[in-house]
Each structure stands twice: as C-alpha cells, then as structure tokens.
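Enquirer: Here it is, the structure in full.
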Amino acid sequence: MMQLDLTRVDYLQVGITCQKTMQVLPLTSKTQKIVVGDNDGQLQCFGLRKGQVQTLFQASKKNQISRVVLGGQIGGVRDRIFTSAGTEVNAFTKKGKNFLTFDTGITEPVQSIYVEGTDLLACGNFGFNHYCDCKESSYFLSSDKINDVICLPREKWNGLTPVLACQDRVLRVLQGSDVLYEAEVPGPPVVVELFGNNGGDEGNEILYGTSDGRIGLMQIGTLAPVHRWELPNMKRAGGVLCLDSYDITADGVLDLLVGRDDGQVEVYSYDEANEPVFRYCYTGSESITSVKGGVVAAAGFDEIVCANYAGWVFALTTEQLVKEVGLQKAAPDPVVTAKISNLKSELEGLQKQVSDERAKYHESAHSTKTVSAVPFFPINDKFVLNKDDASYSLSLELQSPIDNILLQSDVPVDLLDIEKNSAVVSYSACNPEDGNFLLATYRCQANTTRLEMKIRSIEGQYGTLQVYVTPRIQPKTCQLKQYPIKPLSLHQRIHAFDENRPHNTLTLKGQFSQAEVHSWLTFCLPEIPERPPAMDPAVFYFASTFLDTQLLCLYRKGEAVFKSDNISSISILKDVLSKEATKKKIRLDISFDINDDSVTHTLRLIHPKLEEQLLLAKKVQLIDALKELQVNEPDLSFMAPEYQEILKESEKLKAEFKRQPSHLERLYGMITDLYIDKFKFKGQNVKSKVPALLELLDTYELDSLIAFFENSA
Amino acid sequence: MLVPIFTLKLNHKVVPQTVAVGKYDGRHPALTCATTGGKVLVHSPHTKRQEYNQDISLLNINQQITSLAAGRLDPEADGDLLVVGSPTNILVYDINNNRDVFYKDCPDGANTVIIGMLGSFTSPLTLVGGNCSIQGYNKLGEDTFWTVTGDNVRSLCLADFDGDGMNELIVGSEDYDIRIFREDEIIAEMTETEVITNLCRLNEYRFGYALSNGTVGVYDGSIRAWRIKSKNRAVTTHGFDLNGDGVLELITGWSNGKIDARSDKTGEVIFKDNFDHSIAGIVQADYRLDSNAKGDQLICVSVEGEVKGFNPATGEVGTTLMNTNVEQETIRELSLRKQNLMLELKNYAENSKLALSGEAAVLAAALSGDLGRKNGAQGKGGFPGLKGLMPGGNSSGFDTSGGGGDGALRPGQTGLIAGQSSGGAPMGPGGQLALAGLLGSPGHSLIPGGQSQSGEFPNFKLGASSLGESGRTMGMIPANTQLETSILVNPGNQNVPPFVELKIATTNDTIIRAALIFAEGIFEGESHVIHPSAAAVSNSVSVPLIPPKDVPVDLHIKAMIGQKNSSHFHVFELTRELPRFSMFVLVDNEQPDPRSSVHFTLNERPQRAFMWLNQNFLLSQNLVCEGDLHVTFFSLRGSGLLRIRMSQAGQFAIHTDDMDLAGNVIQSLAEFLKIEDLQTIVDFPVETETLKQILIKVDELHRVRTKLTAEMADHSNLIRSMVVRAEDARIMGDMKSMRRGYMELSDLNRDLVAGYNIRCNNHQELVLGLKQINQIIQKASRVRVGKYKNQVVTLCRTAIKNNNTSSLFKIINTGVA
C-alpha cells in the first residue's frame, strides 16, 4: 500500500472554533473554498491563490457560531452555507449573500443543525426541532443531551428520518415527533456523519464517533439498526470530534478521516471486507474540531483541511512543499517571505500597543479608585470516565499557552502520569486536615495549550477535584474549574439489565419529590441527565466499569428502589442518600433486602479478573530471570513451553502490565469493601478480620475466599 | 531530515550508562556494553569470530558491572583497553590478546570510570570515581592520582576547563556539587540542585551536565549557560557535532527513549529521535568503516539493545535536521505571538471597561468616609523587609521552563529575571527594599462585590449592587492590591520542629486562595502548594520552609488572589531569596562556647564581616557594627550553637561543634570577602575522637577481612577434595559414603554462605568507615581556602598511606604536616 506522506500547511487563524464549524465548499473552479465560523461570531469564506489567503466574504454575528453545515437541493450540489448562532440560523450563498435569517424561536441556543433540501433540523441541548420551509413541523424532547443531528438522505428515503446522537450512549432514530428506535453505541456519540457522504448504497449507513474515541458504522434499518463495524480505541487516543469521507489516498475508494480532541488526525482506508484499516496519523497539539477533504491550495493535490480549537485552519496536503527531501534547503518562497515580514511588522505594532496598555494598567494601580478585573478565558475541558481502565481522563485546553496548573482534591484520588505530557509534575505534601488529599502542580513547557491528566477514584469516597489553570498571558490570572468525584464514580450508564443475577435491594420511602430524588442521584452517579426524566417511574441502569456488576435505579415521588448484585454499591448508596436526606431534613424509611448469594456471585465475577492479574504479575516477574537464562543458553528448547511462551510474549506482557498500574491492589480493595459491607448489613463490624482476608488473598483461591466470606460470621 | 544510517538489534539488555566503543585491535571499532548477569557484550561486526560466525561475544565478569570504559590507556599497545568497574574492584582487560592487564581492589567502588589524559600526567590514566574518592591508575595499575570529594562520585569528565592546554577533571557527586580539579586542586565548585549523574565535554570551556531530576544544561566555565528540565530523566549525555557546523552539540538520551541534540549555546533543539525504550548510552565511532564517511557516527543504544547510528550532516548553511518547514514554523510562531498579544490587549480593554464601572462603585463607597482611615493604615503598614508586586509585572518564569526535548527553554539564569525585570529596583541586603516600584500607591481596599463589611459601608453596598455578581465571579480586586512577604525564623515548639516561616499577605481584604512556591532543593518535588480549606481562606498564608542544606534558595511565589467564592483569580508572581544560613536564630552571647572552634586571621575590618552576616543570615533587623564582632546563633537543625567572633585586629573565631557548618561558614565568608587562600587552626575534639574510632574500626575490619578470606580459601580447598571423594564413591558404587560426602559438602556449603554474609557485612561496614574518613578529610579541607584546602587533602592522603595516624590529626588541626 502506498505510504501517505502529508505536509502540514497553515492557512489562517480565526477565533476559538466549535465542533463542525468548518466546511469545504464544492468544487466550482480549479480549487475549492473553505468556510469557517468561530466563537466570536465571525464567518469567513476564503480560498487560496498561490499560497495566499483570499477572503471571499465575511459575515459577523453577535453569538458564537455553533455549527456550519452545507445544504442544497435534494440530489443537487450542496453549496449553500447554513450557520447556527444563538437561536438564529443563517444561510448564505457561496458568494456570501445572506439569503435567509431565521429565528428558530426555541428557548435555548441552537447547538447543532442539519439541512436537507428545504428541511432544517435544529437541536438545542435537549430539544429537537424540525422546520420545513421555516415552519415547525415536528418536535422531540430528548432525555439526555443531544450532541449531533443528521438525517438520512431524502433521495433514497422518502420520509425524513432524523438521527440524534445523544449523550446517554444511544442514537435516537426519529419518525416525526416520535422515536422509531434507540440504537445503543459503545460510548457517548459526539458526531454522526453519512457514510461516504451519501449514506452508502442504501442511503442508511451512518458513521458515528464517541467521546471515548471509538468510531463505528451503523446501518439504520427500518425496524432495527445493524452494527456494521466498530473501531475500538486501542491506542487510548482522544475523543472523536469530527469525521469525514474523502478519497485522500487517491485509490478510487473513499477513505475515512477522523479528527480527535487530543490533536490527532487519522486516515483509515477500507479493505476488501469494507472494514477500516489504519493508514495515517498526524499528531497536533490542539483539538481538531472539524476535518474535511478537498482540493484547496493547488489543483490536483488532495488535502485534509482541519480546524482546531485554537482557531487554526490548516491542511495536510499531498503536495510536496519541501521540494528536495533531505538536508538541502528549498529556495525561500517569496510569498512566504512576504507573509513573514508582514507578520513581523504587524507584531511590532502590536507589541508597542501592548506595552502602552501595560503601562496604563500599571498606572491604574496608583489610583485608589480603580479595580483590576481581567476577563474570563475560555477553557475547553473534558472529564470522562474511561471504561477500559476505570479511571477518569481530565483534559484542559486553552487558546493561549498554559503556564501552570494546580490540582487540588478533597478526596483521596490517584493522579497517574500520562506519557505524552511534557509538563513537569510535582506533588506537594498535603495535610488532610486542611481538606487537601492531593496537591499537585503541572509546570508546562512553552506553547503547551492542552494538557491531559488521568485520575483514579475510589468508589464511596466523594468530593471535588479542583483545578486552577493559569495561562501565560499578562496580566496573569487563573481560573478555577471544579469536577465532582461522585460516590459511585466508576459506574456507567447502560441500557439493559440482567434480571437473573442475585440482587440486593434498597428501598427508600419518604416525603420527597421525583425531582429531589433525581438530584440526589445526580449527586451519586455520573451520566445522569440534568433534567429529571418525564417517565414515571424513572429508571436508569448502570454498570460498574471495574467489576461489571450492575445497578438499577427506579424512582418516583415518595419512593426509590435500587437493585444491585454488588452489595458495596448498595451500601454506598444507602450511606450517601441518608446523609443527603438528612441535610434536606427529609425523613427516609430505609429498608433493604440482602441476598447472600450476591456476594458469592460478585466474587465469581471478580475471579477471572483477579486470576488474570495474578497470572500476569507472575509472568512479568519471571521475565527478567528467563531473559538471563536466554543470554546464557544458545538453545532454549529444554524450557517448559509456558516459559518459552512468556519469553516470546515478554514485550506484550510488560506493556499490558504497565497499562494497568495497581490493578491488583484495586481488586483487593474492592474485595475488602465487599467483605466489610456484607457484614455491615448484618450489623457486624469485621474490620479486625481484614488482615486475615488480605493474607488469604495473597494465596488466592476462589473457593477458600468464598468460604472465608461465608464462615466468618 | 536526518535518518539513521544503520540500525541493529543486539538482542541483549544493556545496563544504562555502561556503553563504550573501543578499537581493541587498533583499527576496528567494537561496541561494548554491560548486559544482564554480570556480562560484558562486545559487538564487533568487523572482526567476526570464526568459530561462532557471529559478531557478538560475551565476557563473563560474574560481578555486578557498575561502569565501563574503553580507551587507549597504553599508547604503546596495539589498541584500546577495556576497563570494567564493579562495586569492589576494577579490571583492565586487553580484549585483543585476551589477557588481564591489571586488577585492582577498589573498596570505594567504581561508580564511574573514564580513560584519558589529566593535567600534566604524561601518560593516560584510568580515573575511577567511587565513594567520596577519585583514583587514577596508569597502565601498570599504579595509583598515581588520588583525591577526595564531598560525596559519592556519580560522574566524571575530562575537559580543558581553563584553556591552559591541559585537561581538568570535572567531578559530579551526590552532594549536588560539580567540582573542577586541576590535578588535585579544586579550582571551581558549582552547586546544583540534585545529584549530578552525567557530565560531558563540549566546545572550549563548555561542558554539559545532567541531574537525576530531569535537568540537563550546559556550563560555560563556571557559569551556567542554560538548562532545561523535563519530567523524564536524562540517562546519558554526549558532545557530538551532528549538524556539521564544527561545534559540538549536547546530545541527550532520555529515560523515555527520546534522544535530542541541543545547541550548546542556547539549548535549542536541532534534532530529535525516539527509541521504544530508555536510552542506555550514546557513543561515537566510525562504525561502518566506510571510506566515504566524513567521520564518526553518533551511535545510540537503548536498554533493550536497539542500536541506531546517525551520520552527521554535511554542514551547509541553513540545513535543518528535522523534517520541518522553516517558513511554516516561523509563521506559526509569529502568529502565536500575535495571538497572545491580541489576547493581552483584549484583557486590558476589558479591564478598563470594568474598571470604569468599578470606579463608580468605589466612588459610592467613598461616601462612607472610611476611605481615609484605610489609606493611612495601608501606606505605612506592612512587614519589615517586604516586597510587593502587582500582577502584570513581567513574567517571572520559574527558571527551568522547557525541557523534554520539546524545544522550549529559557537560556540563562532566568531565576533572577523575575526580580530584575519586574521591579527594576535593586535588591538590598535582606530584601529590605520594597519592590513595589511598579504600583506602590496606598489605597483603598474596598471590594466592589459586597463582602462582609455590610455594617460599615451601607452606601457602598447600594452603589455596588449592580456590580456585585460579575465582580465576584470575575475575581475583581482593587487595582492597588499588593502582595507582601516576610521571612522569619520560627523556633517551633515541642510539637512542631523549628522552621523558617514565609508569610504572604495582601494589603487589603482580598484573599489568597492558594499559593504556589517553586524552589529547588527544599521541597520533595519542585513546588510546594498552600491551599487552605474553603473556610480558612484569608488575606494571608504562612508557609513553613525547612531548607535541608545551607545554600541560598530562590523562592518563586505565585499567589492566587481574589474574592471568597470566586472562580477567577489574579496571579501575583514574585521572587524572594532565602539566605544561605536561614536555619539559624540569633541568641544572646551568654551561653558557654561550644567545645570546638576554628581560628584564623583576616586582613579585614569587622564592618565587612557584619555585611556578610546581614546578607547570609535571616535577621529581623540588620546588625550594626559596634567594635568587635561577637554574635551567637542557634542552629535549628540541632547542631547547637554557632558563635562568630572577630576582633578589630582581624582575629576571627568560629565556635561550633559541627565541622561541616564551620566549613560552610568559612567558604561563604571567603567567597564574600574574596579571600583566595586561608590557613586556619581547628580544634574539633569530637570529630577527632570519631576519626580515631573509625580508624581503629577500619583496621579491625581489615584484619577480619583477611582472616575471612583465608578461611574461604581453606574451605574451597576442602570442597575440591570432598567433591573428588564423593564422586569417587559414586563411581565405586559406595552409595553410603557418597551420601555422607555430599551431606558434608552441603554443610560446608552452608558454612560458606554464612561466611559470605559475614564478609558482605564486613565489607559494607568497611566501605562506610572509609567513606566517613574521606568525609572528615573533606570537611577538614573545607575549613581552609585555596591552596591550603588542597594541601590538607594531599597531606592526609600521604598520612593514611603511611598509616601515620598522629600526623593525620595534626594535619586536620593545623593544616600542615
């Protein structure tokens, strides 16, 4: 397969950009034009001539532009530009004529739009509106946040079939104002696009990307969805923010372009079985908010046009810009030289202006009456639970370079190092009496605008993680961001519940409203929508990312029922909820039904994980010794096959071991909690027996462990 | 773009920092490194050994290999010799002729070895850095060079430091010091912030260094040219001209597998590459023996045995080693700067907009008539010895930004920049000058946003009500807010150990949400954070500092100032220096003198000594000269009293029981007064007694050791005969005797193992004893300055060699034999 060799070229910089706010207009002459909208409300359409940016038109809106999409006649060319800003949707011709300004009239700002012919789909955070010729024709209220919207192409599908990507891990397929069905996807979907830009042969295949970095293709059948393929996020890359289909490899088949929030742009081709194959990866330092394929700079050269969070519009082009590969230097391009000198003089002017202002600012400090107030700076942050290793990823991104970050937590959490971070981390001694369980500073390298951190929480211990971000901009300020560490922080929403497991049940009764109990749940569990659901009773299912145990929450006015096969989850909920209710001075009747089989069941669930970890640890321990033998012995055939296997797979084993630091300790912790919780419900305190339990775990055997749990009453 | 011209896999693990390349037959280079199991791996692609037809051969050393070097120790020999260092000995081996050249016991261990020319020595030496000592052996194994340093030697390097045409020895040790030896005279001493793990020579007077905390830098003479810090650790450094400009670059191999080449002048990254595993070593050699090659290649080896070789670039002007488009890079960088300036402008614009509305609020508040009082109070208030600085002073940039090979760096000793650029005011002794030059006007500390003083300012509340919410969330503060700092010694109490207290406070009701202090060497990491609980935030915080060593420390303080409950804060940055002897508190002169003392005469007036005292000790107010100097300090580190006396005639006396401290005082004093040579008379009865004890103990240990060695030899003879006997019995079929024989053998084996453990302990104690002796000699030398300092080391060495204990004590006391 041909090696893709792409070179980055920067075109221009606009303000901070939202997801999917850059589009490449269809080809009209030799090259295509780019249109981009930013958070300052500026819409800019430009093309390139001889490497110079030529602006075609600009338009400015008061509100930040949240989406830029293209529309056109059904089956025709999509060459009209639609933007959403605030509650308004605007449409422009490719020449820049603002031929439509439409106020949707919805109460919240429009977050995502899609245009199909004369149909406009506009979504706020929860509401979906469908306008036909600017007249509202249907409406749907989603139970969780809508991240993106699309509809199947009309030329192949008669009716309008909108698809909403919702935060609660489902794609909702609508028909009119009703849900046709919900299609579960492996992570919270953030972006949906038509496969191959037209939905495939049948016009019903859509690509989705999730915030935990997965990509998949789903066929939206008339009755049920069909999962075609799914790309797991093996490399722990960032979340997907944008997708496109474009033939960058010039092999006649459309390729998949992916933009991620950790700055990666990836290219996948499809193999004979139409499964994606990784081809190319570019690693930038800022979130890629939009990605599109096109021919922009020079005719005949395909490029991937990207926009990133900081507002850079750049391309990865197939054109060889450095003419001679190697150490020889290409002759300086006069255009570029002019560009540089332009920039330089511009900078000089700015520098002067800034020093004037700086002096003025300092002057103001002599005055007794003035105040100093520096405006907020936008922070693009994400705090998500990773399913694979049951830890939280925190990413922070600024428009300007970060100077330092201070992390503070009032609950015990572990801060894990991330290889690709270049910032120097330093842990400070802290005193739990001051409410500090973690104090760490990250001192960043120059030009670091994005930083990722990994945090491991312990279920049952809850509080707040506070992050103070200081950018390298004068006057120096810092901003505080808070992230709750919830009591059941390692749980994740699911959409199915296995009734056959042995369950423990906790029932709360009292004078509380559904909204109240909803707010308690929001306090306890992640991924609960802000708004109380309209269902009565409301039901949510969760699964522990660490142990795969499940939890059911069912509540209505005056009653809440929790069911879980893990007694620890129930115990935590009981403690936290009774505390919350006491705070609100609400009397609760708490009753529980403990199923002793559930403990054995949970132990059996843990068993394979624990065994695998123990085996892995043992194997890793042996590697060095075996390696030494290998050095001494030219022929290793005398070794037991298992040892030979270890040697052969040593790299893989080591990598796996490294990927799950202190996994074993966490499992031990869970088992200990389980043990304590089991007897807590029986009114016994067994803390004194924990050392005996730990001793038993050292020589782990499932049966003896189960026996220990059962006999030590 | 520079790409490797060869890559190969050794398929063996490589012990970090034990990679060398030698031409053992005089012509063909062979990569040599230590691998697991006490073996040395020699990769000789050009001299394949016929019998195996493979290019890797292994030498069994059967000991942990701590260091390795190859070089032309014997100029008359055919080729290079290999030196292998272990914790107990060094072996010099001639690979070509397969013979040991010599084998020497090094009870101090061989942490690092190098081969090269030193000073005026006419033949090359093998220099071995061990436990506080450095020994140099010539080709015959005679130790022709010996000196001591303050702690375990971790890195050595030969370079012409002063341009006299002869090599000086640069030594990095575990006490964070880099010392330059002109033969056995120390001509320069630089204090770093961590253990110096690597040193390498660069151009002219420059040399590169690496610390165990991830810092890499370059010294130009005794002045640090630049340094960077990364979260990864630099495993190895090497000077190599990679871009062909005739100047050596600093090549660093990192623990995360990265290698980078940095310009020796600026630290700018000119090339980088990645391995999958930590780097083990970087060497250079003409490894391909390619007649077209322009010279040596740079050879990088990872711990997993991957090897990459790079040819240097051709050296044409403007060549770039990285696959980057220079113009694009420039444009990007300029645009970035533009963006940052624009953002700053936006900040000012927004600020003045808000400030205007804020002014209205303040005016309203002024009606309450309380303003005057506040003003007055503030103008004069404050701590003794304070510095205040507004946000918006130039960035203080804690000095080691950059690193990891990512091109970010600050050349120069930026630590100072904060102080200089922000105020422009000179720093007086003791930090007495208020640095608030930028914005010093006293003023009003009302907060538009309606804080707790509701009773006092009713009018104000009304006026500011419209501003309340936005003011709070934006973290609005009065423009004239200042930050005051004070450093005091807190003697502690029964529960709290004594410490130095850094107090940071704002001049009004604004609160300090958190304070970050970046400083080197006094915290576990590089920073310390004070984050009071939400209920306890106030306008001041206090930071306990316990500097572990008597060195001056720069404290880079970042304080987050704002309102209660706000989520946006102003960051005030300032730098303060903690004086060298900050862990001492001034006490009265009534207590009796400590038993030990140092006496000497200075050609100076006591006034100068007072100046030194004021600058180097934390005093609540400056001491003034009134005739003779007579002050007493109490050490907070528990080493008792420190009394300093100086008469008008220049008779100087330091009374303390801590010899190390006396040395520190004298070195600092000598530096301040620019004294080149100073001889002193010392009397440290305790220290002398300790030395006596140690000498006796070492003697005894030596005896035990000899005895044990003899025993072991006996045992091994016995074993040999027993094995023969038992095997005989087996062949004869006399199973009973065989069984008995092997039982006995097993018993004997147990004895041997036990004996070995005893020997191990014995050895450890011996090493400890020797280290202590070396340290006492080092301490004794540090109470002298210049040539007398070196004299003590040389004389002590001779005395120990001749086993002349009485003379040793005399040397320590008087400095002469």
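Just so it is clear, glycine is given a Cβ too, placed from its N, Cα and C backbone atoms.
Okay, so TrEMBL annotates it like this:
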| type | residues | note |
| --- | --- | --- |
| DOMAIN | B:20-116 | domain 'Ciliary BBSome complex subunit 2 N-terminal' |
| DOMAIN | B:155-262 | domain 'Ciliary BBSome complex subunit 2 middle region' |
| COMPBIAS | B:378-407 | compositional bias 'Gly residues' |
| REGION | B:378-424 | region 'Disordered' |
| DOMAIN | B:499-581 | domain 'BBS2 GAE' |
| DOMAIN | B:586-673 | domain 'BBS2 platform' |
| DOMAIN | B:685-782 | domain 'BBS2 hairpin' |
| DOMAIN | B:787-813 | domain 'BBS2 C-terminal helix bundle' |
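I'm curious about the neighbourhood of these features; can you describe it?
Expert: Mean pLDDT, taken over the domain 'BBS2 GAE' (B:499-581), works out to 86 on the 0 to 100 scale.
In the domain 'BBS2 hairpin' (B:685-782), the DSSP tally of helix, strand and coil residues is 96 helix, 0 strand, 2 coil.
Taking Cβ pairs closer than 8 Å, the domain 'BBS2 C-terminal helix bundle' (B:787-813) reaches residues 146-148, 184-186, 677-684, 687-688, 691-692, 695, 773, 776-778, 780-781 in its own chain, all 6 or more past its ends.
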Enquirer: Based on DSSP, tally up the residues of the domain 'Ciliary BBSome complex subunit 2 N-terminal' (B:20-116) by helix, strand and coil.
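Expert: The counts are 0 helix, 49 strand, 48 coil.
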Enquirer: Going by DSSP, how much of the domain 'BBS2 GAE' (B:499-581) is helix, how much is strand and how much is coil, in residues?
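Expert: Secondary-structure breakdown of the domain 'BBS2 GAE' (B:499-581): 3 helix, 48 strand, 32 coil.
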